[in-house]
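So the structure is just underneath, and the comments pick up after that.
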Amino acid sequence: MTDKVQELVSKCLQARDMAYCPYSRFPVGAAILTADGAIITGCNVENASYGLTVCAERTAIQRAVVEGHRQFTAIAVTCDIKDSFVGPCGACRQVLMEFGPNWTVYLTKPDGSYKETSLSELLPLAFSPVHLAKD
């Protein structure tokens, strides 16, 4: 594991510990690696009006955009499930795709082990900004 991947995985685990999830009790953490090497984290933030809950991946991407980042290379995502790798929900996959299909995705277990995949693999035949381009 490279130092940067190790740091990304570690930060997503730390972000999970910050989750606000009193309803589901399902904490999720995410850490995004920007093209310039910064790591931006996010956690899920629930709301009593369940539909207003924001996932960890979307929290991280929104924080990154606010901080001026628009190009990303990887994301690590974790939750408390110990016996399998869990990926981002469909809505989060679509939001990540907004910033390009070439992300490396590290699905991370609580013990820090991870499975490497790609956003394109997680969201095949994705709808993206290129589909909105005018000819």
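Backbone N, Cα and C define each Cβ position, glycine as well.
What TrEMBL records for this protein:
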- Glu57: active site, proton donor (ACT_SITE)
- Asn44, Val45, Glu46, Asn47, Ala48, Ser49, Tyr50: substrate binding site (BINDING)
- Cys55, Cys89, Cys92: Zn(2+) binding site (BINDING)
- 3-130: domain 'CMP/dCMP-type deaminase' (DOMAIN)
(request) Write out, in the order they occur in the sequence, the residues of the chain not among Asn44, Val45, Glu46, Asn47, Ala48, Ser49, Tyr50 that have a C-beta within 8 Å of the mean position of the C-beta atoms of the recorded substrate site. (result) Tyr20, Tyr23, Leu52, Thr53, Val54
(message) Between the residue listed as 'active site, proton donor' and Asn47 (substrate binding site), how many Å separate their Cα atoms?
(response) 16
(message) Below 8 Å Cβ to Cβ and six or more residues apart, same chain only. Which residues does that give for Ala48 (substrate binding site)?
(response) Tyr23
(request) Taking Cα atoms as reference points, rank the binding-site residues Asn44, Val45, Glu46, Asn47, Ser49 by distance from Cys55 (Zn(2+) binding site) and give the first. (result) Asn44
(request) With a 10 Å radius around each C-beta, find which of these recorded positions (Glu46, Glu57) has the fewest other C-beta atoms nearby. (result) Glu46
(request) Please report how many Å separate the Cα atom of Ser49 (substrate binding site) from that of Cys89 (Zn(2+) binding site), as a whole number. (result) 19
(request) Summarise the model's confidence over the domain 'CMP/dCMP-type deaminase' (3-130) as a mean pLDDT value. (result) 97
(message) Excluding near sequence neighbours, so keeping only residues 6 or more apart in the same chain, what lies with its CB under 8 A of Val45 (substrate binding site)?
(response) Ala19, Tyr20, Thr53, Val54, Thr59
(request) Can you check which residues sit near Tyr50 (substrate binding site), meaning Cβ under 8 Å from its Cβ, same chain, 6 or more apart in sequence, and list them in order? (result) Tyr23
(request) Ten-angstrom check, please: count other Cβ atoms within 10 Å of the Cβ of Cys92 (Zn(2+) binding site), all chains counted. (result) 24
(request) Could you tally the C-beta atoms, other than its own, that fall within 10 angstroms of the C-beta of Cys55 (Zn(2+) binding site)? (result) 21
(request) Compute the C-alpha separation of Glu46 (substrate binding site) from Cys89 (Zn(2+) binding site), stating it in Å without decimals. (result) 15
(message) As a test of the contact definition, list every same-chain residue at least 6 positions from Asn47 (substrate binding site) whose Cβ is closer than 8 Å to its Cβ.
(response) Thr53
